[in-house]
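Undergrad: Starting off with a structure, shown below.
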Amino acid sequence: MNDLVWLEIKKENLISNIKTLKNLAGSKVLISPCVKANAYGHGLIETAKIFISAGADWLSVNSIEEAKKIRDVGINRPILVIGYVAESELEKILDWDLKIFISNFDYAEKLSMTGKIKNKIAKVHLKIDTGMHRYGVLMAEAEELAKKIKKLPHITIEGLATHFATSDEPLNLSYFNRQLENFKEIVPKIKNLVGNDLIIHCDKSASLLLCRHGLADLVRPGIAAYGYYPSQDVAKLAQEKNIILRPALSFKTKIGQIKKIPENSCVGYGCTCYTKRPTVLATIPVGYYDGYDRKLSNQGYVLVNGQKAPILGRVCMNITIIDITDCGQVIEGDEVVLIGEQGQENITVEQIANWAKTINYEVITRLRESLPRYYI
Ligand SMILES: Cc1ncc(COP(=O)(O)O)c(C=O)c1O
């Protein structure tokens, strides 16, 4: 392999996660995994295909651009665009048969007018703000909005959705329960206005893993589909229930230059590190441009020869310096693992997130889109 930095993605783990989530959702519930943000760093198109082969019914994306990439390769599954769509892009909703969230009338009216010009009916999902206060129509305005949209000729309200703010904090469920109660209150009211065949959805990974509320006709898991739990508390409770997710992704590079330097030598930009002993250094051709966070500077380690090789000094744009003194015989071109297993050792995404003081979501979605990805 000629690549210097690459990702390996285990298909069978992605498939296993989708099957686990489908089982949890139940056979009557549609599963619409989120493939936004380049499929959480896993590669949009290949991952979408793998998810479909594992039983995904719909796909959830953030943007029109992502939806277009999926349609361009001939995937014709229903696509729900869960992010903001500019009014100038409304035509594409109809051209590519996409479904979008709606939370205000002006927007719905413009979509209906576009539908009229194209002689098509747009399928929308009313997004209710049950307490997250991000997108969504406020509870008190939801019925009025549904009534007004229902009168528009070129729109069908196909679904009703909300999004939880704290479902990944299962040790304190009070706010989550409040949002759930709000949603339970609004569902029959909107069904009354629009019809009983509305597709009801509210679950992302955390609530799908832990909460059986029986409301949903569709679920929108993201992080869990890739094998990660949304938080440590969710992981603990899910694993206690024997819900096992399998991370699929490894992040790898190769050893570049090797050299021996004496004790008390400066390493890297800013001389933020001085060697404490005669040290064998290696450079690896990966840096923050690739999504290897600069906050890993002088933090954590990579794996070389199945041993931990600490990061020395600052992570640069395209280069990182590691200490391979204790890694045995190493030569230029040897494989280095940044995320994943080597020998008996394993560096998890959560470990990286911990070092970089962020969350697993950010670590994987930041992986450079143009990195080669191998599906094995
Ligand atoms: C509207 C919506 N639904 C579902 C998800 C998936 O969330 P998770 O990755 O926690 O499952 C997201 C994630 O950002 C979202 O914004």
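Here the Cβ of each residue, glycine as well, is placed from N, Cα and C on the backbone.
Quantities reported herein were computed from a predicted structural model and do not represent experimental measurements.
Copying in the features that TrEMBL gives for the protein in this structure:
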- K36: active site, proton acceptor (ACT_SITE)
- Y269: active site, proton acceptor (ACT_SITE)
- R134, M317: substrate binding site (BINDING)
- 248-376: domain 'Alanine racemase C-terminal' (DOMAIN)
- K36: N6-(pyridoxal phosphate)lysine (MOD_RES)
Undergrad: Is M317 (substrate binding site) helix, strand or coil when read with DSSP?
TA: coil
Undergrad: With an 8 Å cut-off on Cβ-Cβ distance and a minimum sequence separation of at least 6, pull the same-chain contacts of R134 (substrate binding site), or say none.
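TA: Set apart from R134 (substrate binding site) by at least 6 residues yet with Cβ under 8 Å, we have H163.
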Undergrad: Could you give the mean pLDDT over the domain 'Alanine racemase C-terminal' (248-376), rounded to a whole number?
TA: 98
Undergrad: Sequence gap of 6 or more, C-beta under 8 Å: which same-chain residues meet both conditions with respect to Y269 (active site, proton acceptor)?
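TA: Sequence-distant Cβ neighbours: G313, R314, C316.
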Undergrad: May I ask which residues of the same chain, at least 6 positions away in sequence, place their Cβ under 8 angstroms from the Cβ of K36 (active site, proton acceptor)?
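TA: In sequence order, S60, V61, N62, S63, E66, I82, G83, G222 meet the Cβ cut-off.
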